[in-house]
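Peer 1: Next up is a structure, given as structure tokens.
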């Protein structure tokens, strides 16, 4: 019995040591919090579920936070930092200002994590887990989230403006933005499928509905009724006009009908190099889900801080 007990605890030690060693070597691990914060995944999952139940749109908002975090100097929780005397953060950058949301939900989940295991779970990891849980809650695929990221001690408004492609981008610019993050053409087309959920402001699609020709005329006309050439900047429209709160392949099906809400959306099906992939995802939910999951894991591994780099923030909004 004693020998069995020793073997069990030694095995637990090996698992924890292996996960810690992976992170120290710059490799994330799906088992990173198994011994140091065993309830971490369930705490985040419960917090995400409660937030989406309270406001369905929040699922898309949390997923988007992870995207916008990873695209700016890696997945390091920098998008969550408030401005300080030393730096202007990313919240007021053009892609995020009056747009990025869900910060209070992150605060609430982080507070519960701190109660359970103080100073252990990073804000960057919280965002990665919340992105997966939001996707699943809204009917999308699941994947094993690799963990062990640490949090940055700074943020950059200018880097956010430079790194996140705006909704007015053409295909070549979007391809360049994703390639700069080490993401392939397939990764890119799969990841933009996240626009199967969520909303966008009038300012983001105004040019598309008034100035572009690659848009269904009746679709454009209906949007002009809520988004005039001037004013109503904050009026919202569904990114997926069919099922805006359900994670499915309708985003791609809309593109085939020239009903992408954003200029950048319709660029993926406009006679270019991504048309074939859009067609494939529009026909096959399983293929989309599989490639989306693979791409999310890949995106989540963009330049993470590990080992002794960065810190584990106690409050996601500010450096310790």
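The backbone N, Cα and C atoms fix where each Cβ goes, and this holds for glycine too.
Straight from TrEMBL, here's the annotation block:
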ACT_SITE  68  active site, proton acceptor
BINDING   196, 240, 243, 248  Ca(2+) 2 binding site
DOMAIN    27-320  domain 'Plant heme peroxidase family profile'
SITE      64  site 'Transition state stabilizer'
Peer 1: Report the member of 196, 243 (the binding-site residues) whose C-beta atom has the most other C-beta atoms within 10 angstroms.
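Peer 2: Result of the Cβ crowding comparison: 196.
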Peer 1: Find the average pLDDT over the domain 'Plant heme peroxidase family profile' (27-320) in the predicted model and report it.
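Peer 2: Within the domain 'Plant heme peroxidase family profile' (27-320), the model's average pLDDT equals 97.
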Peer 1: If you measure residue 243 (Ca(2+) 2 binding site) to residue 64 (site 'Transition state stabilizer') at Cα, how many Å is it?
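Peer 2: Taking the Cα atoms only, residue 243 (Ca(2+) 2 binding site) lies 18 Å from residue 64 (site 'Transition state stabilizer').
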Peer 1: Comparing the binding-site residues 240, 248, which residue's C-beta has the most other C-beta atoms within 10 angstroms in this structure?
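Peer 2: Neighbour-count leader: 240.
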Peer 1: With the Ca(2+) 2 site defined by 196, 240, 243, 248, which remaining residues of that chain have Cβ atoms positioned within 8 Å of the Cβ centroid?
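Peer 2: Neighbours found: 197, 242, 244, 246, 247, 249, 250, 251.
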Peer 1: Same-chain residues six or more away whose CB lies under 8 A from the CB of the residue listed as 'active site, proton acceptor'?
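Peer 2: Same-chain residues close to the residue listed as 'active site, proton acceptor' (Cβ under 8 Å, separated by 6 or more) are 79, 90, 95, 96, 100, 160, 164.
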Peer 1: Determine the Cβ neighbour count for residue 64 (site 'Transition state stabilizer'): the number of other Cβ atoms within 10 Å of its Cβ.
Peer 2: 23
Peer 1: May I ask which of the binding-site residues 196, 240, 248 is closest to residue 64 (site 'Transition state stabilizer') if we compare their C-alpha atoms?
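Peer 2: Nearest in space to residue 64 (site 'Transition state stabilizer'), counting only the binding-site residues, is 196.
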